[in-house]
Each structure stands twice: as structure tokens, then as C-alpha cells.
């Protein structure tokens with residue numbers, strides 16, 4: 001128990017007389033190796049569905065692969081991901097591990113080949129330096145359940161626990177290789193958890209140091225989630241290094257640090273205090289993760305186009321913060337495990353647009369030549385609520401503060417995003433619902449994971465009949481005809497930046513997952529105007545919402561004031577009318593009373609005249 005407290009006598013007695021462990025000897029629970037048979041006998045169990053029509057439609061329209069490759073691409077996405085691992089070259093026995101893999105396991109596992117496309121059950125990855133990364137022809141599930149692989153599985157678990165190997169996806173090993181890490185570099189891993197890439201960086205700085213010497217490098221591993229930071233520490237403590245600092249901050253707001261140089265008298269000279277800048281920055285940002293469907297099949301069910309749109313602004317903020325912390329002459333690698341160009345090329349183009357001549361996109365095609373890769377896209381489209389948009393000007397006005405200009409290839413929008421569209425929804429209920437959903441999306445951009453279900457709101461717009469009025473021509477169209485027009489005639493644009501220097505890794509090229517990588521080089525310090533402009537652009541969403549709310553409040557207040565004034569005028573008029581009517585009634589009553597008095601006098605005089613007669 002925590003704090004050194006001991007259990008009391010009653011607690012100890014109840015602890016000894018605890019309930020029987022039903023998991024220890026449960027005849028209904030199948031053994032580990034018979035899980036597949038038990039699932040087959042269970043009629044209620046169903047495997048994950050590996051189909052999503054919206055997913056296929058989206059990436060067909062984006063043309064990330066050619067039509068001839070589409071079937072191979074989708075077929076590979078539906079297969080389980082092979083297991084891979086990396087040998088720690090800085091450990092003392094890495095050569096013995098390599099020889100054991102090469103001579104013992106490689107021969108003993110030859111009979112266990114299960115894939116027609118693979119010749120070897122286990123082989124080194126040809127593009128990883130030194131044959132330190134290995135590819136298995138088995139998924140993680142097969143390793144756990146196949147009795148013939150039990151000894152090999154135990155070997156992997158044992159070596160992983162002591163830090164001699166790291167079990168990691170193959171494409172996840174690629175980004176740190178393009179950093180070109182040196183033993184005296186200061187390195188920042190902005191979104192480090194769960195820690196596989198951080199451990200790889202630590203391997204690099206220790207591997208490049210002479211035996212018996214400690215490296216002068218520093219690795220700062222950051223993550224926004226404190227629980228994931230615990231996982232990060234658990235992963236990296238296997239290295240037993242003193243060159244690591246783990247921080248818990250929002251990556252887009254990572255604080256600046258100062259380096260203090262001390263004089264011989266151990267007193268700090270304020271003139272020598274300088275800002276900590278990093279030689280290398282790894283910016284593996286949070287993403288929709290649709291490149292991991294082979295190891296996370298639940299992504300087929302969860303995926304929708306709004307996930308990438310909701311994360312775009314956060315990814316830009318994180319990348320710009322990493323660029324501002326990067327030293328001049330340093331290198332930053334931006335990467336995602338997504339195939340969505342809004343999260344990939346769109347973010348890179350926005351970084352280049354904001355930084356101007358201070359940053360360049362490097363051509364690293366000559367590095368790791370055996371790695372199968374494809375160039376980045378120069379044109380793409382944005383999907384929002386069931387509609388496709390090729391330019392920002394075509395986005396409806398009430399969606400411009402959610403679908404920003406930076407998501408498009410040129411990064412250019414109308415001068416005033418609030419007046420860029422000339423059509424409005426007559427159906428106020430639909431417009432209010434859209435504004436509510438867009439407000440929720442804007443607030444969700446600060447989260448590390450964003451899930452936006454467009455299947456319940458966006459796609460339904462295709463079938464719902466609404467009316468649209470063009471403000472310039474006055475022409476009335478329906479929502480269904482608008483969707484048809486939008487899907488058949490879409491204006492597109494191309495980016496002027498050299499986005500072909502980005503790298504796309506697709507699954508069917510080398511039996512792996514999907515990944516995106518861009519290598520950026522900082523040529524000169526960023527101008528404060530560039531940073532301020534970037535922050536201003538990022539804040540436009542919340543500002544637009546605030547301004548709209550303020551305008552609504554002002555208009556509502558003005559209308560209420562007008563109604564109040566109008567009501568006061570009406571009340572005053574009623575009061576005046578009432579007073580006039582009251583005066584008129586008083587006057588008429590006075591006249592009537594005078595007439596009555598005359599009549600009474602005359603009537604009173606008549607009998608007197610009779611009596612006199």
C-alpha cells in the first residue's frame with residue numbers, strides 16, 4: 001500500500017479469504033493458442049468489416065494511386081500488417097542478435113511462410129542502414145497464437161524488455177532516418193508518445209559515439225497527454241540514458257527555453273543568456289491515422305472525411321511552432337500516418353507560404369534509395385458535408401471559418417472570407433445546424449484526437465430537399481441540384497510549391513503501412529510578422545465566430561432597441577390619444593350637463609307658467 005501503510009488484521013484476513021480467481025481455472029475460457037477456433041465456434045462473433053464506401057470514394061477522388069493500382073491498393077489495406085522490429089545498435093550484444101536471427105531463426109522459420117508475396121519468413125528491411133530492421137511474414141496476432149512461433153515470440157519479448165530490440169512498425173522508422181542526427185545535436189520530438197521514434201533517436205546518438213564515451217546530444221521528448229508521457233518514459237527507460245528530457249506540454253504552445261553560460265566564478269552573466277534552439281525537430285503530428293488500417297481495422301468503421309479537416313489547423317500550429325524553435329541551418333521532418341492531402345501536402349504548403357524564403361522543402365530522393373516512395377501531390381480537393389471543393393472561393397460563406405484557404409493547394413481565398421460566397425441557405429434550420437457543427441469542430445481543434453461524424457449530417461444533405469437562392473441573379477435552386485452541380489463541375493487548382501519533394505509511402509509498394517514525410521530546411525530566422533500573421537490566421541476561426549456572435553448580439557440589441565423605441569412611440573401616441581379622448585369626453589360631458597341643466601330649468605318654468613295661467 002502507498003505511504004508505507006500496512007493492512008489491518010481484518011483486512012489481511014479478508015485478503016486471504018478472497019474470492020476464487022475465475023480466470024485462473026475457467027473451463028469456458030479458451031487457451032491462448034485456440035482463440036481462433038473459439039471465435040469460429042461462437043456464432044455471435046464477427047470480424048472487423050474492412051469496407052467503407054466513403055473511404056474508397058474519397059481516395060479515388062484524390063487520386064493518390066492510379067486506377068490500375070486501385071484493386072492492389074485496397075487488397076493490401078485489407079490484409080493484416082506484418083510485424084517488424086529494430087535492433088538497438090548501441091547495445092553491447094547487437095552483433096550476436098543479428099547472427100542469431102540470420103543463422104538460427106531465419107532457417108527454422110522457412111517452413112512457416114504464409115504469404116504468397118513473401119519468399120522469406122523473416123528478412124532484414126533492405127532500406128534500413130546496417131540491416132538493423134527486420135520484417136516478419138506474420139502479424140502480431142499470428143505470433144501470439146501460432147505454437148510453431150512460440151520460441152521466436154518469447155525471444156522477441158525477452159529482448160524487447162531489456163532494450164536490445166524495439167518492436168515498431170516499419171514506416172514509423174523512416175522519419176528519424178531523414179533527420180541526419182549527429183552526436184552533438186539538440187533534438188526535439190514534439191509529439192513523442194508512445195516513444196518508438198524517441199528510442200530510435202537515442203539509439204542514433206549513442207551509436208555514433210565512440211565506445212566508453214557519452215554523447216553530448218540532448219533529446220527532448222514532449223507529449224500533451226500525461227498518461228502517454230508515462231508510456232513514453234516506460235519505453236525509453238530501457239535505454240538507460242542521461243541524454244533525455246521528457247516534457248508535458250501542448251506542442252503548439254511549447255515554451256521557449258534559455259541556455260545560461262556560467263563564468264569561472266560560477267555567476268551568471270545575463271549578457272550570455274541565449275535562447276535554446278534545436279538542431280533537429282521531429283514533428284510527427286496527431287492525425288486521422290487512416291494509414292494504420294492494417295494494424296487497427298477498427299479505423300474502417302470510424303473513418304470519415306471530417307477527421308482530417310478538423311485536425312488541419314492544429315497540425316499547422318504544431319509545425320510552425322517547431323519551425324520557430326529550429327536553429328538556422330537545422331532540419332525538421334514533418335510526418336503523419338495519414339493518406340489525406342489536407343493533413344499532408346496542405347500543411348506543408350501552408351508552412352512554406354507563411355515562412356517564405358526562410359524555409360525550403362528539401363529533395364531527399366538520393367537518401368535511402370532502396371526505400372519505395374512516391375512524390376507528393378500538387379493538386380487535391382476538400383470534402384465537406386458531402387460536397388467537393390477545389391478552390392476556397394466555392395466554399396459556402398457559413399463554412400469558410402471551418403474550411404479555410406490553407407486546406408487548398410494554392411492557399412489563397414477571398415479577401416474577406418465572410419463575403420466570399422454569394423449564396424445563402426433559405427432553410428434556416430439546416431444553416432443553424434451547420435453552424436452548430438462547425439462551432440463544435442472549431443472548439444475540438446485543440447484536442448489530440450478529433451472524431452467528426454459526417455455520415456450523420458453531411459451525406460444526408462444529398463437526399464434532403466432544401467432551397468438555395470443566388471443573391472446576385474435571384475435564381476432559386478434545390479440542394480440536390482447543387483450537389484449534382486458540385487460533383488460534376490469542380491474548379492481545381494495546383495500548388496506552386498515543389499510538393500513533389502514530399503514522400504508518400506503506400507502499402508502495396510513494400511507490404512507496409514501508409515505514411516507521409518516531408519523534410520524542411522531552415523535558411524534564415526523567421527520574421528516576427530510571419531509568426532504573427534500565422535497566429536492571426538490560426539485565430540481567425542475563433543475570431544470569426546466571436547465577431548459573428550457579437551454582430552448577432554448587436555443586431556439583436558439594435559432591433560430590440562428599435563422595437564422598444566417604436567413601442568414607446570406607440571405608447572406615447574396612445575397616451576396622447578387617450579388624453580385627447582379624455583378631454584373630448586370631458587368637454588362633451590360638460591356640454592351635455594349644461595344642456596341638461598337648461599332643459600331642467602325650462603321644464604321647471606313650465607308648471608309655474610301653467611299655475612299662473
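Each Cβ is built from the backbone N, Cα and C atoms, and glycine gets one as well.
All TrEMBL annotations are machine predictions without curation.
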Looking at 1-49, 50-98, which one does TrEMBL call region 'Disordered'?
1-49
Could you state the CA-to-CA distance between residue 195 (S-adenosyl-L-methionine binding site) and residue 337 (active site, nucleophile) to the nearest Å?
15
Among the binding-site residues 191, 193, 197, 284, whose Cα is within 10 A of the Cα of residue 337 (active site, nucleophile)?
284
Other than 191, 192, 193, 194, 195, 196, 197, 223, 284 themselves, what residues in this chain have Cβ atoms within 8 Å of the centroid of the S-adenosyl-L-methionine site's Cβ atoms?
189, 198, 221, 228, 232
Might you list, by sequence position, any residue in that chain lying six or more from residue 193 (S-adenosyl-L-methionine binding site) with a Cβ less than 8 Å away from its Cβ?
223, 225, 228, 229, 231, 232
